[in-house]
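Enquirer: Per Swiss-Prot, Mg(2+) binding site is recorded for Asp521, Asp527. Marked as domain 'KH' by Swiss-Prot on the basis of sequence analysis: 587-646. The feature domain 'S1 motif' is assigned by Swiss-Prot to 658-730. Annotation source Swiss-Prot lists region 'Disordered' at 407-427, 727-913.
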Amino acid sequence: MEGPEIKAVEAVIDNGSFGKRTLRFETGRLAQQADGAVAAYLDDDSMILSTTTAGSSPKENYDFFPLTVDVEEKMYAAGKIPGSFFRREGRPSSEAILACRIIDRPLRPLFPHTLRNEVQVVETVLAVNPDDAYDVIALNAASASTMISGLPFEGPVSGVRLALIDGQWVAFPRWSERERAVFEIVVAGRVIENGDVAIAMIEAGAGKNAWHLIYDEGQTKPDEEVVAGGLEAAKPFIKVICEAQDELKKIAAKETKEFQLFPEYTDELYARIDEIAHKDLDEALSIAEKLPRQDRIHEIKEHVREVLADEFTDMDDAEKDKELGNAFKELQRQIVRRRILTEDYRIDGRGLRDIRTLSAEVDIVPRVHGSALFQRGETQILGVTTLNMLKMEQQIDALSGPQSKRYMHNYEMPPYSTGETGRVGSPKRREIGHGALAEKALVPVLPSREEFPYAIRQVSEAIGSNGSTSMGSVCASTLSLLAAGVPLKAPVAGIAMGLVSGDVDGKHIFKTLTDILGAEDAFGDMDFKVAGTSEFITALQLDTKLDGIPADILAAALQQAKEARATILEVINECIDGPAEMSEFAPRIITTSVPVEKIGEVIGPKGKMINQIQEDTGAEIAIEDDGTVFISSEGGEAAEKAKAIIDQIANPHVPEAGETYNGKVVKTTSFGAFVNLTPGTDGLLHISQIRNLANGERIDAVEDVLKEGDTVEVIVQGVDDRGKISLAIPGFEDQENNARPSRGDRDDRRGGRGRGDRDDRRGGRGRRSERDDRDFDDRDDRPRRRRSDDFEDDYDDRPRRRRSDDRDFDRDDRDDDRPRRRRSADRDFDDRDDRDARDSRDDDRPRRRRSSDRDDRGDRDDRRGGSRGRGRGSDRNPRYATDDNYDDYRADREERTERPRRRVRRDFDPFED
């Protein structure tokens, strides 16, 4: 089977020392039923399919050209699966919407404005190199697909992104190269009859690292002359790409179709309206205030409608009313433009370079972190700044380029700003575009993450609109950020420039306007927005209704904008000349660092530790992969407290004997309470010490005095060689814990004879000494604890089985090499209910003797193979024969046993005749 005929052309972009890039246009393989379909490739690893399709019939009720541009970002293009719940692409991202605007703005003026057939351009991103941006590729692909679609299109138009890197303008720069860009500019244009390139669209801004590159490394500053040079540098690249599109049109274009055009009005109707309303409109268009002017114009229009009610009866009412409105609007346009071109006279009486009245205020909204109101004439912008932790920075699921940003600028323009009603809710494309432009203007002067570790959200509320709300947003944002305490490197201001062109006395002239009104924007040829500091430009945007504007006209407009920018900066500096003190309601963020290997300890299992710190202190904590810790709280006190805790975990201080702590009870047991001294460090406050909190009286349970969560003042009594900490109540630190007498006191307690001689304690073989001779005052009268409740795991050296109620840090101590007892022999001495069952075993395994198997305590000799006086080795369990601590363990074990002791008569003497 014979395949489709594929036709392709190439444009080679030579960047000198930065290498070459190849842009290839291919048609014939994909989307064969679209009017025009082109696959555009950049270096064969980024691919975008562009299709252009027109509706078969016109939309007669439309009074505008219905062009739609859509960008479809396919996540598979970057090897990703969409992160949404349904795992498929949904609404377009902000990046896709901005790409749509870049494509729409240069294409729209090249269609007949009286065309009423729907035209849709769809850009599908099929593959993208993660080091490349796709927006400019899509712009060129859109022009190419429209060129071969057979539509009435006065193309081609081409676009190029240039980056000023190390003093050279580089076309189609990679993301990695753009890190060192001082300035970036996207320029779209078309080749005109004289071979020059007319500029149709500009989107530009200083690089995010521009300040560092300019003032620390001495790179070129992007002032007006440098930016004008960038416009000239773009022309050769635009021409090369336009030539490739012309070549593609020659070999693949369809024949241009005939489309019905719908004139907006008839010449006769326009002449009649001019005759009726010219004088009145001339006067109305001299009213400076917007709303009174609009009211007067509406009255004139109604008068014209009444006069023409009986005229032009060959039109139906709807058609007549639509053409009347179009002709009336065109008459206003001609009056405004003629006065500017011939008299340098503007609607509100200003000169061409004059700026409207300016005012600026800060701190007008209570409790917010920063606020400001900037007003230029009737354009009024409220700026509000919010600061938060860096973890609140926006995550971007982009195909390429940055995946997050810490400065987020949102622009909103409600319908009441123009005195109208309308939809309120999610942002429209225009609002997203204006927010992105204001963001681009301010990013170069923001402090670095290290200098100011905050995520910043800036909202610009256009609460009054009469021209250039986007540049008003830049000014209001500068004021608001400074009021919030953000240490901007320099204040930024913005101004909107306009253009009116036409023939006067047989000569085509251009008049550039400073600070345009809404009506001048609507009736003019250009909206040229310029933002920057006093020394260089930070953002540019150009929209035009013309096929293109000469570069020298734009260069002159840049110089005119610089004058206006300086005037606005003076007003800003008078209002606030530097960053203010941060609001008391703004979070205070401090930083610390922990070793990477300690990050897990700070976070804890399943975030237990970090969540506990946040709960206890009220601070917010974020930890980055390199160990940098950001801690935030209102006022800063909680943040300092959290920092101290984190530092203690990362560089722990081991409590020492004699140190006093206000600790929190984290667990209670039958033998005492565990008290948290520092994060991750607990100590045991024995029940004998807890009695001191009850005036020394006997207590039945620890919970009668201390409960979990209580705070208690304790003193460190001692730290053993394994780091286990015993605590005491201050003033009673010399008191011995009954459950754990020190090793050195055994002689006093046992008559000084050690394990080999018990006569003093028992009064001879098998006999206990008198109770009054014992150190434990009332031991025999105390209720006995079951061994299962004996939780003194921290203070003996005996290995033991894992039990479900063991504390986590108890388990960590089981790293000794002592052999473990068999589980079958590891029984509680009080488990006597199943004694008979155990005795019925018929195996020959040796068993331990149980206390119930002996008639008297003196039967120990049978169990241990002889008298205790036979020597230290003869009474040792062979399983622990090699353990040097075995004797100590047995001594402790006997003193803590839970077995009921048999009462022995004091007057009984077994040796009596």
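Including glycine, each Cβ sits where the backbone N, Cα and C put it.
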Enquirer: Express the predicted model's confidence over the domain 'S1 motif' (658-730) as a mean pLDDT, rounded to an integer.
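Expert: Summarising the domain 'S1 motif' (658-730) by its mean pLDDT gives 87.
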Enquirer: Which number gives the other C-beta atoms within 10 angstroms of the C-beta of Asp527 (Mg(2+) binding site), all protein chains shown included?
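Expert: So the Cβ neighbour count for Asp527 (Mg(2+) binding site) comes to 21.
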Enquirer: Helix, strand or coil at Asp521 (Mg(2+) binding site), per DSSP?
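Expert: The residue in question, Asp521 (Mg(2+) binding site), is helix (DSSP, three-state).
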Enquirer: For the region 'Disordered' (407-427), how many residues does DSSP put in helix, in strand and in coil?
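Expert: Per DSSP, the residues of the region 'Disordered' (407-427) fall into 4 helix, 6 strand, 11 coil.
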Enquirer: Name, in the order they occur in the sequence, the residues of the same chain whose CB lies under 8 A from the CB of Asp521 (Mg(2+) binding site) and which sit 6 or more residues away.
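Expert: Gly467, Ser468, Ala496, Gly498, Asp527 - these are the non-local Cβ neighbours of Asp521 (Mg(2+) binding site), listed in sequence order.
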Enquirer: Going by DSSP, is Asp527 (Mg(2+) binding site) part of a helix, a strand, or coil?
Expert: strand
